[in-house]
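Just below is one structure, and these are the notes that go with it.
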Amino acid sequence: MFHVSFRYIFGLPPLILVLLPVASSDCDIEGKDGKQYESVLMVSIDQLLDSMKEIGSNCLNNEFNFFKRHICDANKEGMFLFRAARKLRQFLKMNSTGDFDLHLLKVSEGTTILLNCTGQVKGRKPAALGEAQPTKSLEENKSLKEQKKLNDLCFLKRLLQEIKTCWNKILMGTKEH
């Protein structure tokens, strides 16, 4: 007697393959010649990375969850950049200089404009902010806040590097064709 699974009788695997979206993104990347990127975005990214040079030596080599879930793979560059640009907006609330925020805004908004994404990415609810534990001393809380700020800056630096790498990958791919 043949052992036939229920799901194969009703064709679920082929149905799932039909219903899965193609690996292409919903973003139509404009300015693939690189003029807008090189004249605005790359300048701001480089300014931000230059201002964060001293942070690199203090960063741990831990892998951030964002980069485990979102990578700049073939045919997914647009969605990676779109998500990364949205993530950059969260850093506008940090206590930083106006010049830093201006460059961050240019990269975030400029990337979003050049991507011309049509699909909406489902937003997540922001994580609930934890309250300080009453048993911890003031020094421990201060140390934890400093460590969190350093981790955020390390993530931001890595995010900017990944955005720059992804844009360069897109531009190199279009110049080869």
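The backbone N, Cα and C atoms fix where each Cβ goes, and this holds for glycine too.
Residues or ranges marked as signal peptide in Swiss-Prot: 1-25. If you look up Swiss-Prot, you'll see CYS27-CYS166, CYS59-CYS154, CYS72-CYS117 marked as disulfide bond. According to Swiss-Prot, the N-linked glycosylation site annotation covers ASN95, ASN116, ASN141.
Annotated features taken from Swiss-Prot, shown on the structure.
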residue	record	CB count, 10 Å
CYS27	disulfide bond	20
CYS59	disulfide bond	15
CYS72	disulfide bond	20
ASN116	N-linked glycosylation site	14
CYS117	disulfide bond	20
ASN141	N-linked glycosylation site	12
CYS154	disulfide bond	19
CYS166	disulfide bond	20
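In terms of Cα spacing, the recorded positions CYS59, CYS72, ASN141, CYS154 all stay beyond 10 Å of CYS27 (disulfide bond).
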